[in-house]
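Chemist: Pulled from TrEMBL, these are the listed features:
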- 20-38: transmembrane segment (TRANSMEM)
- 58-78: transmembrane segment (TRANSMEM)
- 139-158: transmembrane segment (TRANSMEM)
- 164-185: transmembrane segment (TRANSMEM)
- 217-239: transmembrane segment (TRANSMEM)
- 251-272: transmembrane segment (TRANSMEM)
- 293-317: transmembrane segment (TRANSMEM)
Amino acid sequence: MPFSFENSAPPLGQFSGRAKWMLAAKGAVTVLLVAWLLRRVDWLLAADRLRHADGGWLFGGFALVCGALLVTTIRWQWAGAAVGLSLPLNQAVRHSLVGQFFGQVLPAGVGVDAVRGWLAYRSGHPAEGVVASLLIDRLAGLLGLLLLDIVAAVTLLYHIAPDFALAGLLAGAVMVGSFAAVLFLNRIPLPARLRLRLFDTLRTILRSAEKGLTTPASLNALALSLLVQILFVGAVLLLARALGAPIGVQAGFAVVPIALTLASMPISLNGWGIREGAMVAGLQVHGVGVDDAFLVSVLLGTALLLASLPGGLLWFFKPPERPS
């Protein structure tokens, strides 16, 4: 019997008791980190920065964030192609936007994947192909981050902020290694009496994903991951320019990929708090003040939030149909 999401709950639907506690814990991490950072900000200076912010540069930063989200959608299409899943662009855009919307209040990365995977299944795509595509897409995204982390750590940060560089490298390596380990679980031999139907289905999904990693489509997904991170760096630079914050290109490429890697860990709600703390810590060694670093990071998070709002409208006005 094929794997199915038929009995799974919709986004933000029914959570088990343990899931509710986990979500509450991640919410607490987010609140505590943001509260700690807020105490370090000079609000008079921050208010002055915002009051005199250049609207044109702000719009440019927002446009690059929207572009990065569109590229992640195309990356998912290529990840689907790697496992034989044909995902039309309009569906991929819709599911990704709704996933980003609900992901604002769910654990970083994991929540977005769960929502868009559920929606893709509800659109009639086989659950096995959907899960395999999400595995490749997430691995490509993390690997793209890790590659930029390595460049940043080796060429830019190692001599001036080794602890920050090491934290980013370790976080990226652990997440990439975890996903890679999951993909190769199907190689573990098990006696026939221990093979449950669900595990056989999981092995099928993992075999499909592992095979997909050797296709040109997966390389395209990796290339798009690098483009996504470059767009995010560009967005940060434009947002900093809007505020008059002294964040240069070198500082942007040294800090932003590592900050986004740390924010990708599913220990806070959509990376809030983690991202801001990492941006402050990384940019301080480049001579950027706490106020500027914090404001730029908050503007980046706000841009992501605003870019996801169309997903909420799509969910409200056109909820997904049950698959035939």
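Note: Cβ is positioned from N, Cα and C throughout, glycine not excepted.
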Chemist: Six or more residues out from either end of the transmembrane segment (217-239), which same-chain residues have a Cβ under 8 Å from its Cβ atoms?
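Modeler: Same-chain contacts beyond the flanks: 57-58, 60-62, 64-65, 67-68, 71-72, 74-75, 78-79, 81-82, 136-137, 140-141, 143-145, 147-148, 247, 249, 252-253, 256-257, 260, 296, 299-300, 303.
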Chemist: Taking the transmembrane segment (251-272) as the reference, which of 58-78, 139-158, 293-317 gives the largest number of Cβ pairs under 8 angstroms?
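Modeler: Selected stretch: 139-158, with the most Cβ pairs under 8 Å.
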Chemist: Quick test of the contact rule: Cβ under 8 Å, at least six residues beyond the ends. What residues does that give for the transmembrane segment (139-158)?
Modeler: 72, 75, 79, 109, 164-166, 168-169, 172-173, 175-176, 179-180, 183, 213, 218, 221-222, 224-226, 228-229, 250, 253-255, 257-258, 260-261, 264, 282, 285
